[in-house]
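Pulled from TrEMBL:
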{"type": "ACT_SITE", "residues": "C333", "note": "active site, proton donor"}
{"type": "BINDING", "residues": "G219, E260, P261, G262, R263, Y369", "note": "pyridoxal 5'-phosphate binding site"}
{"type": "BINDING", "residues": "R263, R299, Y303, E334, Y369", "note": "substrate binding site"}
{"type": "DOMAIN", "residues": "40-266", "note": "domain 'Orn/DAP/Arg decarboxylase 2 N-terminal'"}
{"type": "MOD_RES", "residues": "K46", "note": "N6-(pyridoxal phosphate)lysine"}
Amino acid sequence: MRPDLIQAALKSAQGVGTPLWLYEAEPIRQRVAQVSAFDCVRYAQKANSNTHILRLLRAMGVMVDAVSLGEIERALRAGYEPGTDRNEIVFTADIIDEATLARVVELGIPVNCGSPDMVRQVGHAKRGHPVWLRLNPGFGHGHNRKTNTGGPSSKHGIWHEEFEDSLRLVDEFGLTLVGLHMHIGSGVDYGHLHRVCDSMLDMVRRANRPLEAISAGGGLSVPYRDGEPEIDIAEYHAAWNETRREAERITGGPIRLELEPGRYLVGNAGLLVAEVRAVKQVADKHFVLIDAGFSDLARPIIYGSHHDICFVTPSGVPVAGPTHPLAVAGPLCESGDVFTQKDGGYVEFRDLPLPAVGDLAILRDTGAYGAAMSSNYNTRPLAPEVMLDGGALTLIRKRQPLEQLLDLEEGGGTL
Ligand code: LLP
């Protein structure tokens with residue numbers, strides 16, 4: 001790891017304690033530049049919705065996707081401007097509740113509908129409201145079965161056979177169809193690329209009407225291990241751009257090509273910094289217990305995801321020496337609270353140099369679906385977030401005060 005990053009981790013730990021999330025602005029900017037060939041990059045903020053990250057992205061012209069009322073409010077707080085004539089915020093979810101429906105109508109935020117029922121609900125709320133249709137083409141992919149959002153086992157999107165019914169509902173309620181959208185999973189599989197593009201064109205033909213935009217969804221993968229290849233973004237864009245051109249030939253008008261990445265923009269730009277609190281021998285192996293758990297980073301326990309881990313001493317020297325088979329685990333009262341796991345939930349012992357109590361454990365590539373998926377399990381407050389930009393460290397979210405958690409349980413009254 002870069003020495004300046006180690007210094008930033010140490011300084012942050014001294015400033016706000018551990019565990020903490022540390023993000024870097026520069027790699028996020030570089031990622032945005034890498035996808036700039038798309039007409040519109042719409043950040044899937046579920047990956048990391050800190051308002052400072054949203055502001056950073058907005059300053060670079062990146063639009064935003066929201067999946068809940070909370071994410072709409074975050075986007076507004078970050079300065080995104082809603083409105084039917086603007087393209088800044090789109091609401092994409094599989095259901096829309098009444099409170100959110102009222103808010104999107106009030107603000108004129110286009111709704112990307114994931115079911116015919118959702119089209120009907122938007123139609124009842126406001127004639128003429130702009131909608132997208134999110135389609136499940138009948139197949140999908142993902143780095144894990146749980147991140148596959150297409151095919152017959154997926155709850156997401158409008159099943160392709162219900163597309164015509166959904167179009168009829170759009171017309172019946174006088175809704176404005178902005179575009180068609182496909183997000184068939186997180187963790188791109190190139191094998192599906194041309195199939196998705198062909199399927200999009202099939203839908204464009206079946207829509208048989210002018211469209212303002214098509215969206216390729218998100219799903220672009222990032223390397224999580226040293227030497228893992230980067231996705232060829234130029235090739236990815238070329239396939240979608242050709243699809244857009246063909247779609248324009250079909251509809252006879254210009255079509256905007258949107259991309260909706262989450263992980264790609266922020267995944268490699270974050271670290272989880274924790275402290276080693278115990279090192280114990282179990283049979284012929286070691287467990288290194290740190291003060292972060294799956295309440296902080298849930299990806300290993302949910303998907304068996306791999307995150308590289310390194311240890312540094314309190315003076316900033318990477319721990320070196322002979323390696324031992326060791327597992328890195330957290331403080332939670334669950335056997336699955338282990339950061340080194342294989343898919344299927346088995347503890348993985350990695351050969352790493354043994355750290356000492358007081359060293360820092362740094363878990364890499366945790367910028368996406370890290371803090372965003374944290375919980376308060378075991379009554380652990382949410383960890384603080386720090387941003388490193390041009391050498392300066394800024395606290396962009398404070399540690400959640402314990403009182404805030406406990407206070408919610410007081411004075412509720414009877415119903
Ligand atoms: N668009 C839609 C409609 C989505 O549902 C998602 C992610 C994205 C875009 C962004 O996907 P990305 O570019 O980040 O792959 N928690 C899992 C990932 C779940 C993804 C959920 N939807 C993980 O930690 O790997």
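Every residue gets a Cβ built from N, Cα and C, even glycine.
Counting other Cβ atoms within 10 Å of each Cβ, the lowest count among the binding-site residues G219, P261, G262 belongs to G262. Highlighted here are the recorded positions (R299, C333, E334, Y369) whose C-beta falls below 6 Å from ligand 1: R299, Y369, in sequence order. The DSSP secondary structure for R263 (pyridoxal 5'-phosphate binding site) is helix. Nearest to E260 (pyridoxal 5'-phosphate binding site) in space, judged by Cα atoms and limited to the recorded positions K46, R299, C333, E334, is K46. In terms of C-alpha distance, the listed recorded positions K46, R299, Y303, C333, E334 place K46 closest to G262 (pyridoxal 5'-phosphate binding site). Mapped onto three states, the DSSP output places E334 (substrate binding site) in coil. Note: the Cα of E334 (substrate binding site) and the Cα of Y369 (pyridoxal 5'-phosphate binding site) are spaced 21 Å from each other.
Listed in sequence order, the recorded positions from K46, R299, C333 having a Cα within 10 Å of the Cα of Y369 (pyridoxal 5'-phosphate binding site) are K46, R299. Looking only at Cα atoms, P261 (pyridoxal 5'-phosphate binding site) sits nearest to K46 among the recorded positions K46, R299, Y303, C333. R299 (substrate binding site) counts 23 other C-beta atoms within 10 Å of its own C-beta, drawing on all protein chains shown.
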